[in-house]
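Visitor: Not my notes, these are from Swiss-Prot:
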TRANSMEM  11-31  transmembrane segment
TRANSMEM  80-100  transmembrane segment
TRANSMEM  120-140  transmembrane segment
TRANSMEM  157-177  transmembrane segment
TRANSMEM  192-212  transmembrane segment
TRANSMEM  252-272  transmembrane segment
TRANSMEM  273-293  transmembrane segment
TRANSMEM  310-330  transmembrane segment
TRANSMEM  336-356  transmembrane segment
Amino acid sequence: MTWSYPVDPYWMVALKALLVVVGLLTAFAFMTLIERRLLARFQVRMGPNRVGPFGLLQPLADAIKSIFKEDIVVAQADRFLFVLAPLISVVFALLAFGLIPFGPPGSFFGYQPWVINLDLGILYLFAVSELAVYGIFLSGWASGSKYSLLGSLRSSASLISYELGLGLALLAPVLLVGSLNLNDIVNWQKEHGWLFLYAFPAFLVYLIASMAEAARTPFDLPEAEQELVGGYHTEYSSIKWALFQMAEYIHFITASALIPTLFLGGWTMPVLEVPYLWMFLKIAFFLFFFIWIRATWFRLRYDQLLRFGWGFLFPLALLWFLVTALVVALDLPRTYLLYLSALSFLVLLGAVLYTPKPARKGGGA
């Protein structure tokens, strides 16, 4: 089935693009505060609460501090690439969010609740996410520091291990819907049910790979403080360092919006059609989920991430892609996928609950 969508005038597209940029920058500022407060609650402490009422002006204080700190360019750095790298990271982080639909057509004051609508939207998102790593790689190369270079090389190598699984996981909804358009994927879910019910393994792979792509714990290897001092941005300070943090948080927010769009119905819900509210709640849930993971999980070693990407994410995504392709090619009932997806969930649940814990070494009390 194909759906048609009205096209907005250019001035409205430009206005919505501006709103997205301003909204993401504001969300970045306050997500730093929210994450610090939540991590503090997980760790039984207070968190930042001194600047302004309830600490709400802490992001402003952080911004002022970052802007007015000394901006150092180390002597051995390639100055042009050193300055260019954080800009590349931020630009490509911002480019993905404009495709995400937040409501049905015409629900934004008579206009469309997205910036642009591309028939090749999934390919566009995949390309933008791939290009974003150039900022990290250039920062490591241009810094002239072995720690920065190792951090950027880690990011480039790990990218290959999880991006293959992520790409194959995206093909499951594409095969079922028959479209690369994000709006088509949301509308299909409105009529047939959420895609994670038909493709739980693909949903799981995409969720994990999204954490790796956003460099969130337990996959924040490119900036492992214990091993690489500060990772690829070791030599950065002031506003340039803040730009890298901005890019990381925007990836974090974008991933939290893409997961419900692709697998959890986007702005749709079986009850109470309040699209913007449901989309906001779904995004907020995954933001909290990622912060929860950061508070409770340890960081994987570099070799563990590569083994996990090649040994679990890629085979699982490939297997589910082949299963979905077989069902679609033979025109079998889609209920087969529902049963297989439920079975895979039960297998995962059983593995989590009944896997024996390794015995402790040593004889300490």
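Every residue number used here counts from 1 along the chain in the order it is shown.
Every residue gets a Cβ built from N, Cα and C, even glycine.
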Visitor: Please work out which recorded stretch in 11-31, 80-100, 252-272, 273-293, 310-330 has the most C-beta pairs separated by under 8 angstroms from the transmembrane segment (120-140)?
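Guide: Result: 80-100.
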Visitor: Please check if the transmembrane segment (310-330) comes into contact with the transmembrane segment (157-177), where contact means 3 or more CB pairs closer than 8 Å and the residues in each pair are separated by 6 or more positions.
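Guide: Result for the transmembrane segment (310-330) with the transmembrane segment (157-177) is yes.
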Visitor: For the transmembrane segment (192-212) and the transmembrane segment (336-356), check the count of CB pairs under 8 Å (sequence separation 6 or more) and say whether it reaches 3 or more.
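Guide: As far as Cβ distances go (cut-off 8 Å, pairs 6 or more apart), the transmembrane segment (192-212) and the transmembrane segment (336-356) touch.
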Visitor: Taking a Cβ cut-off under 8 Å, which residues six or more beyond the ends of the transmembrane segment (80-100) line up next to it in the same chain?
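Guide: For the transmembrane segment (80-100), the nonlocal Cβ contacts are 16-17, 20-21, 24, 73, 114-118, 121, 124-125, 128-129, 131-132, 134-136, 138-139, 141-143, 182, 233, 235-236, 240-241, 243-244, 246-247, 250-251, 253-254, 257-258, 261.
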